[in-house]
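In what follows, a single structure is set out as C-alpha cells and then discussed.
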Amino acid sequence: MEISTLQIIAIFIFSCIAGMGSVLDEFQTHRPLIACTVIGLILGDLKTGVMLGGTLELIALGWMNVGAAQSPDSALASIISAILVIVGHQSIAIGIAIALPVAAAGQVLTVFARTITVVFQHAADKAAEEARFRTIDLLHVSALGVQGLRVAIPALVVSLFVSADMVSSMLSAIPEFVTRGLQIAGGFIVVVGYAMVLRMMGVKYLMPFFFLGFLAGGYLDFSLLAFGGVGVIIALIYIQLNPQWRKAEPAASTAPSAPALDQLDD
C-alpha cells in the first residue's frame, strides 16, 4: 500500500492535533482509541484502526503523568503503530509490539519538548512585565506548536518513507523472542492498567467482579458482545440487591383495633 500526498498531509495535520491534545487533555485526541481510528480512516482501513486503537487503549489505561515523571507517549505510539500496521498489512499483535518501544521513545521526546518550552515561558514572563499581551499569546501558541511537532515530525517521516516491503523487512530483522515478549508484556500491561484504575478509584468491593471477568474470559468461549451483555445484567442485579442503592421502604402504620382500645381502658 502506498500513501498518497493527500493522506500524508492529513496524517501530519492530525498528528499535530494529537500532539497538542496530549498537553491540553480537552478533546482526548491523543488517546489510542481516537488516534488509531482517525489514522485508519485516513488510510482507508477503519476496521484495523478501531481494533488496534481499542487494544492499545486497554494497555494505556494506567499511563499517566505523576508529578514531573512523564508517562509513555500514547499519541506517538498510536499513530506510528497504526501507520505501520495498516500499510504493512500486519496483525494487531505486531502493532502492540511496535507501539510499546515507540511509546518509550516518545516519552524521551516529550521530556525534550517540555524542556524547550521552558524558554518560551521565560520569554512570556518577560513580555508580561512589559505588558505585551499579543507577544504572550504568540509565545503560548508557539510552545503548544512544539508539542504538536513532537508527534507530527516522526509521523511525517514514517509516512514519507514507509512501505509494505520495508515494514516486513524491519519486522523480520527483529528476533522473534523480542516481538513475542513484547506481545506478552502488552497483555500483562492491560491487567496492570485495569488494576491501577480500580485502585485509584478506591472500589475494593468491585475486585471480585474484576477477577471474575478474567476467569470467565479465559474459560468461556463468549464473544465480546456476550460478555458485555452478561456484565450489564450482573451490574443491574448488583444494584438491585445492594442495600446502598435500595430505597428505604416506609414503615406501615396501622391503627389499633377497637377491642384493643377497650382492653387498654380497662
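Heads up, the Cβ atoms here are built off N, Cα and C, so glycines get one too.
Taken from Swiss-Prot as is:
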- 1-237: domain 'PTS EIIC type-4' (DOMAIN)
- 3-23: transmembrane segment (TRANSMEM)
- 33-53: transmembrane segment (TRANSMEM)
- 79-99: transmembrane segment (TRANSMEM)
- 100-120: transmembrane segment (TRANSMEM)
- 151-171: transmembrane segment (TRANSMEM)
- 183-203: transmembrane segment (TRANSMEM)
- 219-239: transmembrane segment (TRANSMEM)
Request  = Restricting to the domain 'PTS EIIC type-4' (1-237), report the mean pLDDT as a whole number.
outcome  = 84
Task = Give me the stretch from 3-23, 79-99, 151-171, 219-239 with the greatest number of Cβ pairs under 8 Å to the transmembrane segment (33-53).
result = 79-99
Inquiry  = Should anything in the same chain at least six residues away from the transmembrane segment (79-99) have a Cβ under 8 Å from its Cβ atoms, list it; otherwise answer none.
reply    = 1, 3, 11, 14-15, 18, 32, 35-36, 39-40, 43, 45, 48-49, 51-53, 55-56, 59, 151, 154-155, 158-159, 162-164, 166-168, 171, 174, 178-179, 182-183, 186
Query = Short question: which residues 6 or more past the ends of the transmembrane segment (3-23) have a Cβ under 8 Å from it?
reply = 29-30, 34-35, 38-39, 42-43, 73-76, 78-79, 83, 87, 110, 144-145, 147-152, 155-156, 159-160, 162
